[in-house]
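First comes the structure, then the notes that go with it.
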Amino acid sequence: MNGWAGVCLITHCLNTRSRTYVALNMLAFARTPRGVPSCLFNKVWVSRYALVLILMVCASESSTSWAVTSNGLPNCSTVTRTAGQDAELHGPAPLSCNVTQWGRYENGSTPVLWCTLRGSRMRVSLGHRVAFGCSWKTFFIYNVSESSGGTYYQKGYNCTDKHITLSCFNLTVVPRAVQSTTTVMTPTLVTNSTFSVSLVALRLTTNSSAFGHAIYQRQQRVENGTLSKNITNLAFTYGSWGVAMLLFAAVMVLVDLGLPQSAWRRWRSHVDDEERGLLM
């Protein structure tokens, strides 16, 4: 059993298309040998539970372990934004891809995954301290700063035209113009023949404190909305796998204890008794 299950587990880790098929193969070959008592906590069942748990954990992980390096990248598109603006990176990956990933190259060559889309589900990596969003064709970065600049990539897997598609974007963030303030001393004549001097501040800028406060509130709303959406997606993904593992474990326990077989035998015995009663 352990040999077949190990082969199936290795096949699962190498195969990124169909995990359900591998799970069925493992369950088909993982049977209790003859002469071994069917017990919930014997060595065979303990090893079986361990392999199934490993399989579930591997299945919950998407194909994010595929290495992406900056070597051999296509010609990257250049995107320039001023600090404080929003940036949109439009990728050419078609909707025919089963999986789409967005990320950024750190330190020039190390890929860091930010977002993964698989079907109707989205998985977002937290901790980047950047308000962003992603879709199948567009990656959004809100209120960019100088630290937001760099090389971003989009990768599609299992596409109809080719197995893997890759595109990259060089985001350049230009700092804002330096705001200057000029103070002019102007005399003011009062009607009671007294002379006083007042300061008149002439600000050579169009930005006001109210406008800056509105931008800050908008940024906070975007970050809070993105964070709540990411938490909801993570809770749904891991909650679904938790429910599936509990149901699967319950079915395995019932089968191992022989409850379905016992219920079937009792029902057949009851039917046979009724048939014999009718014949008599």
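Each residue, glycine too, has its Cβ placed from N, Cα and C.
Counting only same-chain residues at least 6 apart in sequence, none has a Cβ under 8 Å from the Cβ of Asn75 (N-linked glycosylation site). What Swiss-Prot lists as N-linked glycosylation site is Asn75 (among others), and the listing cites sequence analysis.
As annotated by Swiss-Prot, N-linked glycosylation site applies to Asn98 (among others). Cβ-based neighbour count (10 Å, all protein chains) for Asn98 (N-linked glycosylation site) stands at 15.
Feature annotation from Swiss-Prot assigns N-linked glycosylation site to Asn107 (among others). Cβ neighbour count for Asn107 (N-linked glycosylation site): 8 (other Cβ atoms within 10 Å of its Cβ, all protein chains included).
What Swiss-Prot records for Asn143 (among others) is N-linked glycosylation site, and it gives sequence analysis as the kind of evidence. All protein chains shown were included, and the count of other CB atoms within 10 Å of the CB of Asn143 (N-linked glycosylation site) stands at 18.
The 10 Å shell around the Cβ of Asn158 (N-linked glycosylation site) contains 15 further Cβ atoms across the protein chains shown. For Asn158 (among others), the entry in Swiss-Prot reads N-linked glycosylation site, with the evidence type sequence analysis.
Cβ neighbours within 10 Å of Asn170 (N-linked glycosylation site), excluding its own Cβ and spanning all shown chains: 14. Positions annotated as N-linked glycosylation site by Swiss-Prot, on the basis of sequence analysis: Asn170 (among others).
Residues or ranges marked as N-linked glycosylation site in Swiss-Prot (evidence: sequence analysis): Asn192 (among others).
The annotation N-linked glycosylation site is assigned in Swiss-Prot to Asn207 (among others) on the grounds of sequence analysis.
Among the features that Swiss-Prot reports, N-linked glycosylation site is placed at Asn224 (among others).
Sequence annotations record features per position, and here Swiss-Prot assigns N-linked glycosylation site to Asn230 (among others) based on sequence analysis.
Under the heading transmembrane segment, Swiss-Prot lists 235-255, citing sequence analysis as support.
Between the C-alpha atoms of Asn170 (N-linked glycosylation site) and Asn143 (N-linked glycosylation site), the distance comes to 17 Å. Put simply, Asn158 is the one of the glycosylation sites Asn107, Asn143, Asn158 whose Cα lies nearest to the Cα of Asn98 (N-linked glycosylation site).
A straight line from the CA of Asn107 (N-linked glycosylation site) to the CA of Asn143 (N-linked glycosylation site) spans 22 Å. It is 33 Å from the Cα atom of Asn143 (N-linked glycosylation site) to that of Asn158 (N-linked glycosylation site).
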